[in-house]
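Listed features, source TrEMBL:
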REGION    1-40  region 'Disordered'
TRANSMEM  123-144  transmembrane segment
TRANSMEM  172-193  transmembrane segment
TRANSMEM  223-241  transmembrane segment
TRANSMEM  284-307  transmembrane segment
TRANSMEM  319-341  transmembrane segment
TRANSMEM  371-395  transmembrane segment
TRANSMEM  484-503  transmembrane segment
TRANSMEM  509-531  transmembrane segment
TRANSMEM  543-567  transmembrane segment
TRANSMEM  573-594  transmembrane segment
DOMAIN    738-796  domain 'CBS'
Amino acid sequence: MANVAKKVSWSGRDRDDDEDGRAGETTPLLNGTGPGAAGSARQFTPSSFLRIGQLSNVDLNEDIHELETELPRQRPNEIPHNEKLLSLKYESLDYDNSENQLFLEEERRINHAAFRTVEIKRWVICAMIGILTGLVACFIDIVVENLAGLKYRVVKDNIDKFTAKGGLSFSLLLWATLNASVVMVGSVIVAFIEPVAAGSGIPQIKCYLNGVKIPHVVRLKTLVIKVCGVILSVVGGLAVGKEGPMIHSGSVIAAGISQGRSTSLKRDFKIFEYFRRDTEKRDFVSAGAAAGVSAAFGAPVGGVLFSLEEGASFWNQFLTWRIFFASMISTFTLNSVLSVYHGNAWDLSSPGLINFGRFDSEKMVYTIQEIPIFIFMGVVGGILGALFNALNYWLTMFRIRYIHRPCLQVVEAMLVAAVTATVGFVMIYCSRDCQPIQGSSVAYPLQLFCADGEYNSMATAFFNTPEKSVVNLFHDPPGSYNPMTLGMFTLMYFFLACWTYGLTVSAGVFIPSLLIGAAWGRLFGISLSYLTKGSIWADPGKYALMGAAAQLGGIVRMTLSLTVIMMEATGNVTYGFPIMLVLMTAKIVGDYFVEGLYDMHIQLQSVPFLHWEAPVTSHSLTAREVMSTPVTCLRRIERVGTVVDILSDTSSNHNGFPVVESNPGTTQVAGLRGLILRSQLIVLLKHKVFVERANLSLVQRRLKLKDFRDAYPRFPPIQSIHVSQDERDCMIDLSEFMNPSPYTVPQEASLPRVFKLFRALGLRHLVVVDNRNEVVGMVTRKDLARYRLGKEGLEELSLAQT
């Protein structure tokens, strides 16, 4: 039997709410069987395919009912979790325009000049996305720099004071307490106010661009919590970076600006109303994600490629140029503001939140005999990345089962912060790696037990934000680090970063991955230099860069965009080929063992994510076997009471209804006439667009597309719409509002063919018809996403209301 106990999800609520936060608006089990029956063969009878004007009852198994009644009201200590599940609570976005009469009339009214105005508005929005994303990145960078600097100065002064007179345990206590306190605030705001702001946000944005509606993911409140949370996480000394969350932040900014209003602030600025639909919003969110990458790494081309490779499931040529424009504006804004802040207004030298510094080609040139060495580093990165992901997978499973209460999540975050400080302190205390201060660029040199004029080398790794530590590992001259120091740091930081990713804090995994890779890469370079008797080509900084690329590629499995991001961040095209080799090798080796980190977390949340292609061995499956039945259909002229009953039935909470031509009082069905959405029906009921009212001239005006856009994206629940008993007997004509040409497939079509059509067009509903054009079923996202290629061939996931 499928697991029906609720589990913690990105929305962070233990209720089945949709984006509005209203209960009961989730998708039901569409195929009319219990969740556990999803894997079994289905028997079809002609009468089971269609129900006109009736409610589709969901036949849940009795044992599920018993389990639900037995569940106590308080949260259980353990939440069972099964990865072979697909959640029914995630809705789909609709990227297909409904070409109804209202849409066609609006198109005819708009002249050439109006179309030009719309196009100009698109460019204006992209510019605003770039500017605001750049400003948010500046704010994060400046606040982190000042707060982290203050913390490190306080701790350094305290350690210096107690080194002289004894009692260093007080310094440890101060450091651990400061870290835990700051992280506690960051974790509390995420756990109790907006749980979807946890983590980097990249998996959530990937899902959104794939066509899955993740509750609250592009809200203004999420942005505020994300920005504050990431500042507190980095200042709190966790093994995290501030670059990943910039992608989520850029996406939220894009979604907000493009709609011309804020639902969180309940303000409508009455601008950009034309873009209030999923298709347009998705394109702008792609631009926001690219602008976030661009601001984080100073890599506008990398940002565009990131959106293409990791994010956008749907793409076109015009979009590419606009996204590149937003990315360029973003990095330029960040560069300008930070240059003014650092006191050199005309020196644009801060293109991103992290700047790897220029790699001098003459000193750090690579030779042909190093290519096999780089490939070997890619193999190491792939293995270490797979180990990181596997450990994080089991840790995340443990968190889903046991650490699901917000208070426990906060305690865990504080524990990790305190342990991170303690590990750092113990490693600094035990280290005897002393380096001369003269000629070094260490921000907070800690002397501890070193002689005068020297500083503790281990302290530079922990007494710095991770970004600065990465740059130091890339550019510090040979001899700056003891191999034992690098080895111990790599080992400890690997496990700390693995433990940290998945905490209820806003944080990214980019920089910790780069830091781990840079540390073992530099160690590898030192070892190579030792073996080759100090050969000029064995520069440790070069190998630190390759190690960083290998480690990050092994964890997140990005290839194209990451190659360009690394090239742009280092300002050196020469390394393009070795970086690409390293990333490809890391991805191939890592994929052999386990999935990438982001895909793994998407799978753990049971999200119906559609990959680029259908499973390779699925050609034998047809639409008839995959589709959901029975389908609730509506007549072209339907009774209002019937529509209200269908929309009110929580057991069959469908979102799309085929419209058929049939005579009232008969079960004889003519062919498919169109498709109408739940949201459209709700707007029609709200405005009481009934045939009788129109005949009596009681309707004030004809509905326009603007009325539907004003209700987007949070359409009122059916429970909030009052329909009197007399009105229930009225008729409603759907001809004008339905989509008269929905996409259909014959029931004999193979799964890959159905999958390709569904995914490429970004559909939400695909109607299955027989040879007489009569509706026999409906294909939705969950029907396609539940088939995947497992270790033993094609497997079918169970569906559950998790």
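From the backbone N, Cα and C atoms, a Cβ is placed for every residue, glycine too.
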Would you kindly check 123-144, 284-307, 319-341, 484-503, 573-594 and say which stretch has the most C-beta pairs under 8 angstroms to the transmembrane segment (509-531)?
484-503
With helix taken as DSSP H, G or I, strand as E or B and everything else coil, how many residues of the domain 'CBS' (738-796) land in each class?
15 helix, 22 strand, 22 coil
Would you call the transmembrane segment (223-241) and the transmembrane segment (172-193) in contact, using three or more Cβ pairs under 8 Å, pairs 6 or more apart in sequence?
yes
Whether the transmembrane segment (284-307) meets the transmembrane segment (573-594): three or more C-beta pairs under 8 angstroms:
no
Mind checking which residues of the chain, 6+ beyond the ends of the transmembrane segment (123-144), have their Cβ under 8 Å from one of its Cβ atoms?
223, 227, 230-231, 234-235, 242, 246, 249-250, 253-254, 257-258, 272, 275, 284, 287-288, 291-292, 294-296, 322-323, 325-334, 337-338, 341, 353, 465
How about long-range neighbours of the transmembrane segment (543-567): same chain, 6 or more residues beyond its ends, C-beta under 8 Å?
293, 297, 299, 301-302, 305-306, 308-310, 356, 359, 374, 377-378, 380-386, 388-389, 470, 473-474, 509-510, 513-522, 524-525, 528, 573, 575-576, 578-580, 582-587, 589-591, 595-599
Same-chain residues near the transmembrane segment (573-594), Cβ under 8 Å, at least 6 residues beyond its ends:
359, 361, 365-366, 370-371, 374-375, 377-379, 381-383, 385-386, 389-390, 393, 545-546, 549-551, 553-555, 557-559, 562-563, 566-567, 600
Considering every residue in the domain 'CBS' (738-796), what is the mean pLDDT value?
89
